[in-house]
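Copied over from Swiss-Prot:
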- 8-283: domain 'tr-type G' (DOMAIN)
- 17-24, 81-85, 135-138: GTP binding site (BINDING)
Amino acid sequence: MSKINKLEHIRNIGICAHIDAGKTTTTERILYYTGKSHKIGEVHEGGATMDWMEQEQERGITITSAATTCRWQDKIINIIDTPGHVDFTIEVERSLRVLDGAVAVFDGVAGVEPQSETVWRQADKYNVPRMCFVNKMDRMGADFYRCVEMLKDRLGAKPLIIQLPIGIEENFKGIIDLVKMKAVIWKDEALGAEYFEEDIPADMKDKAEEYRAKLLDMVVELDDHVMEKYLLGEEVTAEEIKRLIRKGTISAAFYPVLCGSAFKNKGVQPLLDAVVDFLPSPIDIGIVKGMEVSTGEEKDFPISVTEPFAALAFKIMNDPFVGSLTFIRIYSGKITSGTTVINTVKNKREKIGRMLLMHANNREDVKEASAGDIVALAGLKDTTTGDTLSDIDQQVILERMEFPEPVIELAVEPKSTADQEKMGLALSRLAAEDPSFRVSTDHETGQTVIKGMGELHLEIIIDRMRREFKVEANIGAPQVAYRETITKACEIDYTHKKQSGGAGQFARVKIIFEPLKEVKDLKDEDKNKIFVFESKIIGGAVPKEYIPGVEKGLNNIRETGVIAGYPMIDFKATLVDGAFHDVDSSVLAFEIAAKAAFREGMPKGNPKLLEPIMQVEVITPDEYMGDIIGDLNSRRGQIQSMDPRGNAQVVIANVPLAEMFGYVNTLRSLSQGRAQFSMIFSHYDQVPSQVADIIKAKK
């Protein structure tokens, strides 16, 4: 297959869903039927091929997205298995960044759950075309049609039903393919590897005709010629329907909906056919956004084998056999072992050593990879998540990823002094792998503080530290990661002068600080940032080479805010004026001046304390509803909605994280163990003044 032609045959897809919707099982079945896995791995037995870290095998949840290559028909499918637990949202986010399409798996019983909404919004952010697989059709309470309604109501999505289930719950035995208008039935005794087509059962003919008409109504809108045929009563061929479903999927005009039961081996092969038929190849995506290093110009780069090499590092993993592995998605050009490329973000050269195609935890050495491929590189020295690797002669920086701020932190200390150095090394390795995990030292106590996206996230980090790096540690109680911000604009003019023999220091800066939400002409790319710096210096009042010093100073000092020492977020700093001295000015002098300007200026901006607010979903039998709502209100919660789901009630509330520690035990006693809950970070909000006073006093 020629390299150029090869791009059309690649599908880079993610399989994403809420925890327990059956995502890993679906991926396992895909690997089984595409011939990559000789034993079906069951998650609940701890044997799934994709869940290859020890903790994942024990907990039955997917933590790191393992990238796997398999083949179906004549296509290469690279699958990224993404975690469904809310604490690992960052893994989902960075997987979506490098994918061309996704399969969203939904639980046929629970429908659209909170994490499903989060993943869907993340996929919207990166414009990822996707289709939906309603799984677990064999389970008690499964309801395909209700799930489709939830796609509309909760996600605002436009579902395109291309299959209907035959039978429900334990009688689920197959599907109706609305494109071919045939029934597909699976043989249980062949582990789902054998299936056959037959005529649609008589009792489902009318329903199939009704949904086929709905399907045609939606797809013919994409092509005037086909619409004319349809309106004249002529037959629209299966090939035309497929072409239009593909067109609509790639343009996100609608989302094809399929169904099945991965665990019972039904519906997986048609899902694979749909991945190949409807999800985009790298050619359909066509371009990747980035910046030309030589000119600083933002532009769209074509995805092509013949262009210069450019790739994005989207994941770092420690492999027990190979050491550090950097997963890259190649957007253009090609690369061979032994080549030297440049990391354009760090401006460091990297020599390509071993290149590996990954199959969960098996690996295959390759000598060459090209546009569209996802490969793992061994032994890179300076590359971290979000960096670009590029051709040395034509350097580009691909669009970077934004990572969320951690919401929870705790102190760790090694159990013995001998472990001190090992712990430092372990934590820095783990932080290099995971940008949503941060490590810092508390300046007052000297303690090491780790920060992450939730209790489970930090639990797993500590677990990995113990297993992989053999470091035993004592753990403090979890603390809320508060933040600070300003609520009104303020201006400060500060001069830093130091004259004490020898070289002097001089720098003057005039900076306007303002809350981000009040900035009128904020650029689109700055809207998700927590700190924006801009220089409006004209006429050389501050020479160009000193301006990075101002930004660096502000970036460092904002980590310790002015109220209680928490990081300062959601503000813009604009350098509007300044002065320098020919001899005494330096980058360092401007860095010091910026820090002092921050310390003096920020208190004038009416600073406030912020706390993380979580979206909490509680599913409870009716009879405990009153007690649960009363308890949420007592935790400063704000009820957002209450909806019936089957014979239970679903309560969604926004509650400060500080009030949610130990909630699992309270809920258990309020509902006699019958209610369950999940929570996900929603946003930061101002802390009420009486609560803020208590927090300040503790600091």
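Glycine too: its Cβ is placed from the backbone N, Cα and C atoms.
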Three-class DSSP secondary structure - Ala17 (GTP binding site): strand
Neighbourhood of Met137 (GTP binding site), C-beta criterion under 8 angstroms, separation at least six: Gly108, Phe144, Pro165, Ile168, Phe172, Cys259, Gly260, Ser261, Lys266, Gly267
PLDDT averaged over every residue in the domain 'tr-type G' (8-283): 83
Cβ neighbour count within 10 Å of Ala17 (GTP binding site): 28
